[in-house]
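The structure under discussion appears below in the form of structure tokens.
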Amino acid sequence: MENVTLSPDGKSVVIIDQTKLPNAIEYLTLSTSRQMYDAIFALKVRGAPAIGICAGFSIYCLAQTIEETEYDAFLLKFREYKDYLDSSRPTAVNLSWALKRMGKVVLDAKDKSIDEILSLLKAECIAIKEEDIKICKAISEYGLEFLKDGDGILTHCNAGPLATSQYGTALGPLILGKERGMNFKVFADETRPLLQGARLTAFELHEAGIDVTLICDNMASIVMKNGFINACFVGCDRVAENGDTANKIGTSGVAILAKHYGIPFYVMCPTSTIDLNCKTGDDIEIELRSEDEIKSKWYEKPMAPSDVKCYNPAFDVTDHNLITAIITEHGVCKAPFEVSLREAVKKAEDIINK
């Protein structure tokens, strides 16, 4: 079940509409810049790596529609599309990372024909997805080192195959362990207000044959206190240089509880999610979303007075002091994060620049 791919003719992006899960598996074909923007903004495609993959495919498809045959005019229109897609969601760094990577292809090909540039763009967006498959497998292998057969794991939001291209990040070690005969007891936070834990994580783990129990977000403390949890596994959307980590709203609360109960808290992400230009979590822009997601989205009738104000940040920042380790495809990063994260990013850059 591929969640993000190119259409057979390479002119459109095909995604699973994650807003319809788990009740229906519906595929959407994205052919225009507006459709692509809306798919990312409305969370029809979500998860930092999956957003990056979708952005890479999208900008390639849009580049094919540019009618300009002269390089400078082509570049100008390409940048318009790139900036438009980049504005869809501000917190997940993989979006801008993928678009910058595609943009570099165009900048480095000034002396080539437009047809040659399009061929290079196609190769690059396909490479982004193929690399993500290998990255998720590597993260899963490293993460599995921190698991024992029978462990109880708490998750928040969704960082499984739907959020990436295969295996996932935070769910990857669990799925890989299951493939190798291990068993786990996973407690999945429902993850209000958009219920990614209920709709997506519980769905993926159940499909994988993993023992999963869905809980409300405000039940995280009691399952920890009861001794049900051996570790917390989460993904993330951006990591600052000092190790502060932006992830789905509610993640920082889970980390604080884990610290209180002496439970290790692991963050799993590709190095593309690490933003060394962002010094601390204070520098991460937090996306604010519609009040309707809280008051009315999941109900036949609104569950609050229509004129009641709502505060709906999509993400919060987990302080680096609460994080046991950040697990990447190039190894396990521990404090001091300024050193270990930079080393992981350098390994990734060295491979790309070979």
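Cβ atoms here come from the backbone N, Cα and C positions, even for glycine.
Per Swiss-Prot, substrate binding site is recorded for ARG46, GLY47, ALA48, ARG89, GLN196, ASN247, LYS248. For CYS157, the entry in Swiss-Prot reads site 'Transition state stabilizer'. The active site, proton donor feature in Swiss-Prot is assigned to ASP237.
Recorded features from Swiss-Prot, shown on the structure.
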{"residue": "ARG46", "record": "substrate binding site", "DSSP (3 states)": "coil"}
{"residue": "ARG89", "record": "substrate binding site", "DSSP (3 states)": "coil"}
{"residue": "CYS157", "record": "site 'Transition state stabilizer'", "DSSP (3 states)": "coil"}
{"residue": "GLN196", "record": "substrate binding site", "DSSP (3 states)": "helix"}
{"residue": "ASP237", "record": "active site, proton donor", "DSSP (3 states)": "coil"}
{"residue": "ASN247", "record": "substrate binding site", "DSSP (3 states)": "strand"}
Rounded to the nearest Å - Cα separation of ARG46 (substrate binding site) and CYS157 (site 'Transition state stabilizer'): 11
Other residues, Cβ within 8 Å of ARG46, GLY47, ALA48, ARG89, GLN196, ASN247, LYS248 Cβ centroid (substrate site): LEU43, ILE51, ALA92, CYS157, ASN158, ALA159, ALA163, GLY235, ASP237
Cα distance (Å, whole number) from ASP237 (active site, proton donor) to GLY47 (substrate binding site): 8
Longest CA-CA distance among ARG46, GLY47, ALA48, ARG89, GLN196, ASN247, LYS248, per record bound to substrate, angstrom: 17
Chain-internal residues, separated by at least six, CB under 8 A from ASP237 (active site, proton donor): ALA48, THR91, ALA92, VAL93, ASN94, ALA246, ASN247, LYS248, THR273, PHE315
Rounded inter-Cα distance in Å - ARG89 (substrate binding site), CYS157 (site 'Transition state stabilizer'): 17
